[in-house]
Amino acid sequence: MHALQAKILDPRIGNEFPLPAYATPGSAGLDLRAMLKEDTVLEPGQTLLIPTGLSIYVGDPGLAALILPRSGLGHKHGIVLGNLVGLIDSDYQGELMVSCWNRGQTAFNIAVGERIAQLVLVPVVQAHFELVEEFDETQRGAGGFGHSGSH
């Protein structure tokens with residue numbers, strides 16, 4: 001297991017609300033909580049930047065963190081991330097913020113401390129460009145959207 005340095009920026013974490021933890025041995029994500037000053041209503045079509053009360057430092061350039069939506073919020077309530085995925089670079093040290101978007105048709109109440117997103121560590125491979133005049137030919141070639149089937 002990789003050690004992830006974290007700072008608690010909101011004193012309610014660790015007291016009123018638990019530190020992020022894996023729910024099961026097979027869990028990939030750590031739940032992030034909405035550390036708002038008060039319960040907030042997110043109207044249809046509205047976006048809101050929500051503090052998590054945590055900052056992290058991954059430190060290893062071979063890793064990055066992703067902030068992803070919680071599947072139940074998106075499926076049941078239309079609550080997703082405003083930027084779809086939040087990418088946290090290994091050298092970022094600021095507070096984790098969640099861009100929350102209500103794409104649903106009804107207002108959604110976000111309670112203080114509610115689990116609003118999840119944090120997942122992923123491996124990163126950095127690449128450099130090797131400039132070429134032509135690519136080796138492949139069966140697909142430059143075929144793009146819809147090229148490999150009718151849907």
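Here the Cβ of each residue, glycine as well, is placed from N, Cα and C on the backbone.
What Swiss-Prot lists as substrate binding site is R70, S71, G72, N83, L87, I88, D89, M97, and the listing cites sequence analysis.
Location within the structure of each feature annotated in Swiss-Prot.
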residue : record                 : Cβ contacts under 8 Å, 6 or more apart
R70     : substrate binding site : D31, R115, I116, A117, Q118
S71     : substrate binding site : none
G72     : substrate binding site : none
N83     : substrate binding site : S99
L87     : substrate binding site : A64, A65, L66, I67
I88     : substrate binding site : I56, V58, A64, A65, L66, I67, L96, L119
D89     : substrate binding site : V58, A64
M97     : substrate binding site : L49, I50, P51, T52, G86
Q: Please find, for R70, S71, G72, N83, L87, I88, D89, M97 as listed binding substrate, the greatest distance between any two Cα atoms, in Å.
A: 26
